[in-house]
Structure formats: structure tokens, C-alpha cells
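A.B. asks: The substrate binding site feature in Swiss-Prot is assigned to A98, D99, I100, K101, G141; the stated evidence is similarity to another entry. For K101, K204, the entry in Swiss-Prot reads N6-succinyllysine. Marked as N6-acetyllysine by Swiss-Prot on the basis of similarity to another entry: K101, K211. The site 'Important for catalytic activity' annotation in Swiss-Prot covers E164 and is backed by similarity to another entry. Per Swiss-Prot, transit peptide is recorded for 1-27.
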Amino acid sequence: MAALRALLPRVRAPLRPWLFCPVQRSFASSAAFEYIITAKKGRNSNVGLIQLNRPKALNALCNGLIVELNQALQAFEEDPAVGAIVLTGGEKVFAAGADIKEMQSLTFQNCYSGGFLSHWDQLTRVKKPVIAAVNGYALGGGCELAMMCDIIYAGEKAQFGQPEILIGTIPGAGGTQRLTRAVGKSLAMEMVLTGDRISAQDAKQAGLVSKIFPVETVVEEAIQCAEKIASNSKIVTAMAKESVNAAFEMTLAEGVKLEKKLFYSTFATEDRKEGMAAFVEKRKANFKDQ
């Protein structure tokens, strides 16, 4: 962990769980998580909230943390009451990267045959929208984790970076690909080749971050956005998310073709009928997720 801490300025205040009620779980196992905290938030308890909670290690993303994160994501994905998910860290650090101690003794054979980091991208397969609420440092794997989310809200003191080059390696969980798509080749290349960090303000200007808020309100703002998303039809929201994500994987012609198919598909749903009827009748739609 010394190598990890050497990449960061000194974090004086200890991390602590915040904005949480007592842990609420609807998972198959009754055992408490070790590395994360979960809760349902929002007036209708329709937002799943996950906090990375490994403060002594600056929320370094060890294998156990990723396993627990995937379990929580799956549970919220299967919960019919939850329409969106917020992922956050601590007040000083979102996540400072992968766990260097776990990586230090790995060999090429270990990584290749074992599919090292292959389970990190389960977040990208979640159909419900995921909002990252980032305070403090989102570096290395922490930055990659934030970029796997659908929306990034940042605290005004947040910093983003891919400093793997400084410890003799490169990003391995999508950093070179997602960062380039988000901010463009020149800035991504500079960040990856120098290990330099960018501020929340620079990240927003570059298109990596959607909005910036004061440190103490960023999580609550993300929850409010998630509540707004969760008030819509879950099935149509999933279609919209799939269509936007296709823009990063397909040509324009292919993406427009998929969009058209998904658009047509909404006409097979009861929620499309309800939404249009509510608009014509000048009332609020009552979606049933059907």
C-alpha cells in the first residue's frame, strides 16, 4: 500500500460512512459486507446506494471489494423496487486504484490464464442506470470504475487520473478505451503517458463529468437524479441506456438502426401507451414497468 499512497498527497481526515441509514440488505446471504455499505434511498426507496468502504486502504479495489460490489449490483438489479443505482466512495477518496499488494506478485501466466480483472466489468452489464458520485481521488482502477457508470457527478475537489505508468504498467480495466472515448485522444494520451491528474472542472470541460457540486452535496444530488430516472418506466429506461451505449460500439448507421428497433419496441409496452395517454390528458404518467 506504500506504493499506492506515494502517488497521492496526504489524506488527513479519515474516511467514514456518510449519508447512510443502517445497512439494509435484501441479498441471499445474511452476512454483512466487509468492504462496502448498501442502502436504499429516495422518498420511495427506489434508489440503490453503494458506498465503497475500505478507508484504511484509500478504497483500493481489492478482489474482495469487487466481489462484494458485484453482489450488491446484482441484488439491486433484481430488486423490482429499485430503478437506478448510485455508487460512491468516501469524502476524501472515491477509490485510489487497484490493490497494489494483490498485483505485485502476479505473473503474465497468472493474469492471462486466470483472466485477471475480467470480473471488474460486471458494472457495465447492469441494465439499470448507475450514477457515480465522486469525491476526492478517482485514480487508476477508481477512475476506470467511475467511467463504467452511466453518469458521473463530481465533488468540486474531485480529481481523476490513470497513473499506472508511474508504477510500470498501464490501465487494465478499460482506462485507455473509455477515457479516450470520453475526453478525446490528446488529453487521454497525456493523462495515460504522464500519470497526471485532472480536476473536476477540467473533467467536466472535457466531457468526462456531467455536473459538479459542493463536496457535501454531491451524493445527495446523485440520489435526486437517480430518483428522477427511477420515476420513469424501467423497461423503457433500459432501452434508452442500451441505445446510448451503442454509440460507443457501433457505426452511426448501425447505431441508428438499433435505435429504431428499440424505438419500435416501446410500442409493444403498456408504459408507452400510459405515457402518451398521460401527456394527452395532461396528467402524470403512472408507469407499471410493463
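Numbers here mean position along the shown chain, with the first residue as 1.
A Cβ is built for glycine as well, from the same backbone N, Cα and C atoms used for every other residue.
Here the structure is a predicted model, which means the values were calculated and not measured.
For the listed features, I'd like the structural context: burial, neighbours, distances.
C.D. replies: The local packing around A98 (substrate binding site), expressed as other Cβ atoms within 10 Å of its Cβ over all shown chains, amounts to 29.
In this structure, K101 (substrate binding site) is part of a helix by DSSP.
Counting every protein chain shown, the number of other Cβ atoms lying within 10 Å of the Cβ of K101 (substrate binding site) is 14.
The DSSP secondary structure for K204 (N6-succinyllysine) is helix.
Counting only same-chain residues six or more apart in sequence, the Cβ atoms lying under 8 angstroms from the Cβ of K211 (N6-acetyllysine) belong to Y153, A154, K204, E221. In three-state terms derived from DSSP, K211 (N6-acetyllysine) belongs to an extended strand segment.
Non-local contacts of E164 (site 'Important for catalytic activity') by the CB criterion (under 8 A, 6+ apart in sequence, same chain) comprise G97, G140, I170, P171, G172, G175, V192, G195. Look at E164 (site 'Important for catalytic activity'): DSSP puts it in a helix.
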A.B. asks: Counting across all protein chains present, how many other Cβ atoms fall within 10 Å of the Cβ of K204 (N6-succinyllysine)?
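C.D. replies: Around K204 (N6-succinyllysine), other Cβ atoms within 10 Å: 17.
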